[in-house]
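Asks: Copied straight from Swiss-Prot:
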BINDING   Ser48, Ser49, Thr167, Gly189, Asp191, Glu192, Ser208  aceneuramate binding site
ACT_SITE  Tyr137  active site, proton donor
ACT_SITE  Lys165  active site, schiff-base intermediate with substrate
Amino acid sequence: MEDKLKGLYAALLVPFDEHGQVKEEGLKQIAKNAIETEKLDGLYVNGSSGENFLISKEQKKQIFRVVKETVGDDVNLIAQIGSLDLNEAIELGKYATELGYDALSAVTPFYYPFSFEEIKQYYFDIIEATQNNMIIYAIPDLTGVNISIEQFGELFNHEKVVGVKYTAPNFFLLERIRKAFPNKLILSGFDEMLVQATISGVDGAIGSTYNVNGRRARQIFDLAREGKIAEAYQIQHDTNDIIETVLSMGIYPTLKEILKSRGIDGGLPKRPFRPFDESHRDALDTLIKKYDL
């Protein structure tokens, strides 16, 4: 299973209308774009880039369903089902598993200061209820939850905890995880550090900017794995120029505007996120043209 899940994934964007409802046709277009145009291996569905923590349980199910119906069985699909409500996480996990998602992923429980034993049991309860494989979603900058190498060991002792989506800048810990658990899947979550992560031995990556810049990510990943580090860095420099500009304009509305430039209905971000600021339009047009986005 771990080998099947290796590769590059779009952290899938989700288009909303002005009332905060999912635009299904736009979602289908975004999913197809990631696979057919950006040439990615799979989709990570209902993660941070899908504005997951701003939407209802029924919307999450709707997104899981539409994406699966759109791409079928030929694309790797990972369902992010993490929720502070364990019952909801289990319900979503069962639903995604029934749809045929290849693995589940769940962000570490956050906001409340949960103990590691509580966090570990949360994952094991989801696995027990769904009988699907689990990829830990470690994003300490947003959750405040730091998992130590010893704690990763306790999680990885469960045969169905197959890996981690590692969205953290601690490359010492990443190296330690890679050395200690050579058979576990590690997917990098920082688009701007793909060269460094690949050198550190990750099996793939999941990125929000891969929705529009996946082809460069593929070049970086392949070159770094071939040991062509200087060449990989040159493309990473361009990628980071793109990322820096996109972040300055607001990541989700800006990525959706880039999709719109391709004739894709990128929709709006979910409130309270603001829509794209039109004062950035000329700069965005320049970015799209310069980097052929």
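Cβ coordinates come from backbone N, Cα and C, glycine included.
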Asks: Which of the recorded positions listed here (Lys165, Glu192, Ser208) have a Cα atom within 10 Å of the Cα of the residue listed as 'active site, proton donor'?
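Replies: Those near the residue listed as 'active site, proton donor' - Cα within 10 Å - are Lys165, in sequence order.
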Asks: So, three-state DSSP: helix, strand or coil for Asp191 (aceneuramate binding site)?
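Replies: Asp191 (aceneuramate binding site) sits in a helix per DSSP.
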Asks: Tell me whether Ser208 (aceneuramate binding site) sits in a helix, a strand or coil according to DSSP.
Replies: coil
Asks: I want to verify one value. Collapsing DSSP to three states, which class is Ser48 (aceneuramate binding site)?
Replies: helix
Asks: For the aceneuramate site (Ser48, Ser49, Thr167, Gly189, Asp191, Glu192, Ser208), what does the 8 A shell look like? I mean other same-chain residues with CB within 8 A of the CB centroid.
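Replies: So the extra residues in range turn out to be Ala11, Phe190, Ile206, Gly207, Thr209.
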Asks: What is the total of other Cβ atoms whose distance to the Cβ of Ser48 (aceneuramate binding site) is within 10 Å?
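Replies: Looking across every protein chain shown, the total is 19.
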